[in-house]
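As recorded in Swiss-Prot, the features of this protein are as follows:
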| type | residues | note |
| --- | --- | --- |
| ACT_SITE | Glu314 | active site, proton acceptor |
| COMPBIAS | 349-360 | compositional bias 'Low complexity' |
| REGION | 344-368 | region 'Disordered' |
Amino acid sequence: MMVPAELFARVEFPDQQVLADAREYQNTLVKPAGSLSRLEDVGCFIAACQGQVPPRRLDRPRIVVFAGDHGVAARGVSAYPASVSLQMAQSMLDGGAAINVLARAAGASVRVADISLDHEATGPERVRRSCGSIDIEDAMTGEEVLQALQIGIRIADQEIDSGADILIPGDLGIGNTTPAAALIGTFTLAEPVVVVGRGTGIDDEGWKRKVTAVRDAMFRVRTLRQDPITVARMISSPDLTAMAAFIAQAAVRRTPVILDGAVVTAAALLANKLAPGARRWFIAGHRSPEPAHPIALDALGLTPLVDLGMRLGEGSGAAAALPLVKTAVDLMIDMSTMNDAGVDRADGADNSADSGASAGTVASDPTV
């Protein structure tokens with residue numbers, strides 16, 4: 001099996017000197033130092049990603065939804081039939097899904113990548129039709145997992161080369177929270193009963209079936225945690241693997257990524273294994289009620305921007321947070337400095353960088 005180093009170049013840090021300069025610059029603006037709290041943190045993070053203070057406006061946000069079906073859905077782990085995946089993909093293509101509305105409101109555009117939906121189709125983004133039931137068989141073959149990785153890399157390169165300045169991966173696929181929970185449990189050593197939630201709204205019996213499927217999947221890779229490509233091949237799916245490669249390649253290309261809920265964050269965990277340090281380029285858009293989500297966020301060292309109780313997927317929570325990220329950048333660009341506005345500083349004010357954005361939100365590595 002190919003090692004990740006053969007697929008992904010080294011991930012660099014966002015510019016640490018620019019991060020320090022951005023924090024210092026925040027303290028010159030017409031406000032008490034640190035008073036905008038996490039908005040300051042996010043603005044500084046984007047400045048560090050772009051390598052300049054103030055940062056450039058985020059004019060080309062792009063949402064890419066990775067769609068695929070899952071063999072494990074036949075185990076009764078979802079409240080909806082697998083046919084809904086293809087129907088929802090068509091709704092997105094028609095512009096009528098929640099993610100389309102959220103994207104339009106936030107000034108973003110949406111691309112739907114059909115990686116492994118369960119229908120007869122061909123195309124450069126297709127890996128296979130659905131995937132194996134991960135509790136008893138591999139999700140895909142060795143050739144297919146490499147194909148999924150290469151597709152994710154190619155999609156990231158296409159979007160960045162076309163001018164995208166911030167990326168949001170989204171998910172679509174009935175049953176996809178099952179491989180997501182299995183990945184999160186595997187990489188964080190959390191127990192199946194801890195990472196399994198209600199997904200699309202399953203009842204108690206459905207939850208028990210889902211726990212069993214996740215338990216069995218995790219058992220199959222119990223000695224393979226240090227081999228992320230093999231783990232992906234065995235217990236993820238083509239769409240999750242392509243998404244992970246997309247996220248990892250965005251980090252390689254120095255492009256920030258806003259993460260959505262449990263499925264996307266599971267892919268982000270895998271991305272950070274494939275391209276160590278990729279997490280330095282992540283923003284956690286929101287917190288999902290899925291119990292695996294905060295576990296994955298903690299493992300990545302991320303604090304979500306909003307908590308609206310959203311559990312739709314599609315990239316919807318990240319899209320809801322996108323206006324905050326754009327506003328954080330606009331504040332740095334459009335606010336006056338105290339000198340320009342003729343505003344007196346507070347007596348004895350400490351205007352050093354340390355008195356700026358609240359500690360712990362943008363870490364020194366930096367991670368939001």
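Glycine is no exception: its Cβ is also placed from the backbone N, Cα and C atoms.
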(message) So if I draw a 10 Å sphere around the Cβ of the residue listed as 'active site, proton acceptor', how many other Cβ atoms end up inside it?
(response) 29
(message) Using DSSP and collapsing to three states, where does Glu314 (active site, proton acceptor) fall: helix, strand or coil?
(response) coil
